[in-house]
Amino acid sequence: MDGATALTLGIFLLSVIPSYVHGLMDNRGTKFVLGFMENFQATLFSELFITTSKSLPVSVNITSPRWHTSGMHLSLTVVSGTVEQVNISSSLRMTGSSLSSKGLLIEASDEIVVYGFNKEPFSNDAFLGIPCDVIGSEYYVTAYLPSFFSSEILVVGVSNATSLQIKLSETLQSLVYFQGGNFSKGQWINFTVDAYDTLQLQSAGDVTGTFIKSDKPVSVFSGNVLTAVGNGTADHLAEQHISVDKWGKSYATVPIPERIVGDYFRLIASEHHTKVVIQGLDGSFQHTETLTLSKPGDWVQRHFSSSLYAFITSDKPIYVVQYSLSQVNRNMADPSMIIIPPMELYAAQYVFSTPKSATGSYDSYFMFVVKKVDLDGLRINGLPLNATEIREFPGGEYVGGYVPLSEGTYDIRHISPICVFGGVLYGRGWFETYGFATGMRLTSINEPCIQNSQSPGDGLDNDCDRKIDEEIENNQDDDGDGLVDEDCAEPYQDRPCFATPCYNGGTCIESGANYTCNCIHGYDPASDCRSTIDFCLRNPCPHTKVCLPHLGGFTCVCTAGFTGTDCTSDIDECASSPCIHGNCTDNVNGYRCLCDAGYAGLHCESNVDECASSPCIHGNCTDDVNSFHCSCDVGFSGITCTSTVSSSECSSSNCNVVSCSIFNLQLGTACYYAWVSCLLSALVLATLSFCVIFIYGIKKRQRDMTTFCVLTLICDSGSFAIAPWVASSSAKNADAHSKTKAPVVDSTEV
């Protein structure tokens, strides 16, 4: 099968790139020596996936230095953000218990990350490649039982003339057949290997707990050709192991996502009388267990439910391995073996890509453990993590969970390089599963520690507290141990924005190794949004000396008469129409009313009293709007009653009221008729009085009633007959006289 066919069957690419400087003790390196164990068949290529975090292209050479049959010799270039897939002939896989020279050498001009994928249809697993600068000389391995075929161990030599000692597990239930010899549990197998030699041992029993020791560093792998974990389907198991000097005392476990059958965990001791405590939360149920592992290589297996989040702690270093159980009742999954990273070796960043399976696509998940206070700082490709599930561990300081991932490449890191977290990438398909730690620091935390001067990002435990690069070089005690800047991490170089340089909610925008801050309005980008902008420095208030700055702007205290943000708008005091009877002229901080004629006052609200000056000299004044009129006293006339009226003027056209006396009676004049009228009125009054007296006398003399009534009637009739005639006659004569003279009414009223 050619490389193109293998690519269509499945591409699995991974990179795990903690953001550390060159030479840091982690899973990045420039030299790897790897091998592939036997799978249950050999129809597909094995695969390597290679990537880098370096800004410049990295040259990579892949060879099989001592295997020339279908040998390997390939050169390629890898750049940051890309992953190169390399197909490895299945002939380079080991078979049975045998010694060969199928070791692969991967060399690079700068640090790279390598991942291996041993893939067959419905049988595959993956491992994270460990570079030569952090491999060790002492290992304990794991596998599983019962195995459909065999459990297996692979040791790959890195240096010539390496003395190798292998002590088979005390719990091994079957023999190991190697070069004509039969080896049973507890026995030692001594051998010498050279560089790129590959020694594989297989057994029908479980090799878990087998101890490997060498006088020079070697690469060690183990697993199963094909096995079920629990009841159900079977799969290939494979992992490259970390040496005992890097084992930890604190582990946190997250269950395989979206399963109901739970997970198996195996715990292996490295020293005598190791006390182990398991504390977990299964929903609201508290799980607690204490156990003791008597001697190195002793191991126990525990079944955790699919909802148990647990801490596993010990007083001496231990190894923890998680097993995904077989598929049952179409609960899609398959066996997989995953090395759980110690919490002491957590990193602050992981970069990886999800795979395609041999038969399609995987459902992939990123499983994580992080301090609760650091959860919001996790970023996935620069965005908040948004986990599907988050559960607390006992005590509430840590939380764990998972995030479903579609196919692609991911950069998951914390915004602070000293906030570390654990990560595992897990995927499942139809009768296929893979799983591995997404990376870890690989400092020898179990060897005697000597305090030494630190260099930021050196990857060492400089203060011997079993923690690595736990502070930022900022003259502060970040880890709370009373020391300042004693074990510092290197700031992010490739992604400056992940160091959160923008404060107060500012957004960081990267441009290569540089950045700019897009601040919330009011903060100064030149200060990384630390300081507020003083908008008053621009003298934005021209009509006042008082400017009050605030976040995002300023406030002008305007002088009287001005308004607006910058006090440039003159207040229109005429807008309220204050001049009631007049026109308004606006001034600065005031107005002036031009009153209509006849009005006065500040707002033209008062009618001017033209009578106030007493213009009617001989009469009464009545005020009008912008005028007055006089009602003159008798004998006066004119606009202001200043003219005297003579008696001769009574008949003139200037009078309509006459004043008469017996001395000015002239026949045919108004005064004449008036006099006659008065005389007749007096006559009527006398007649009436006479009749009353007469009637009264008759009554007193008791005249007959008939005579009394007749006289009364005569007197009444005469009086009322004379009076209308007199009045009518006088009025007619006076009216006739008036018409003859054509009188005019004057404005003065007397």
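Heads up, the Cβ atoms here are built off N, Cα and C, so glycines get one too.
Quantities reported herein were computed from a predicted structural model and do not represent experimental measurements.
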Candidate in C556, C558, C584 joined to C574 through a disulfide, as TrEMBL lists it:
C584
Do you know which of C593, C595, C621 TrEMBL records in a disulfide with C611?
C621
Non-local residues, at least 6 beyond the ends, that sit with Cβ under 8 Å of the domain 'EGF-like' (532-568):
520-524, 587-590
What subset of the disulfide-bonded residues C558, C567, C595, C611, C621, C632 lies within 10 angstroms of C584 (disulfide bond), using C-alpha positions?
C595
Would you identify which of the disulfide-bonded residues C558, C595, C641 has the most other C-beta atoms lying within 10 angstroms of its C-beta?
C641
Which disulfide-bonded residues are spatial neighbours of C621 (disulfide bond) here, meaning Cα within 10 Å, out of C558, C604, C632?
C632
Looking at the disulfide-bonded residues C567, C604, C611, which one has the fewest other Cβ atoms within 10 Å of its own Cβ?
C611
Provide the three-state DSSP residue tally for the domain 'EGF-like' (607-642): helix first, then strand, then coil.
4 helix, 15 strand, 17 coil
In whole Å, how far is C632 (disulfide bond) from C574 (disulfide bond) when you measure between their Cα atoms?
44
CA-CA, which of the disulfide-bonded residues C567, C611, C632 lies nearest C604 (disulfide bond)?
C611
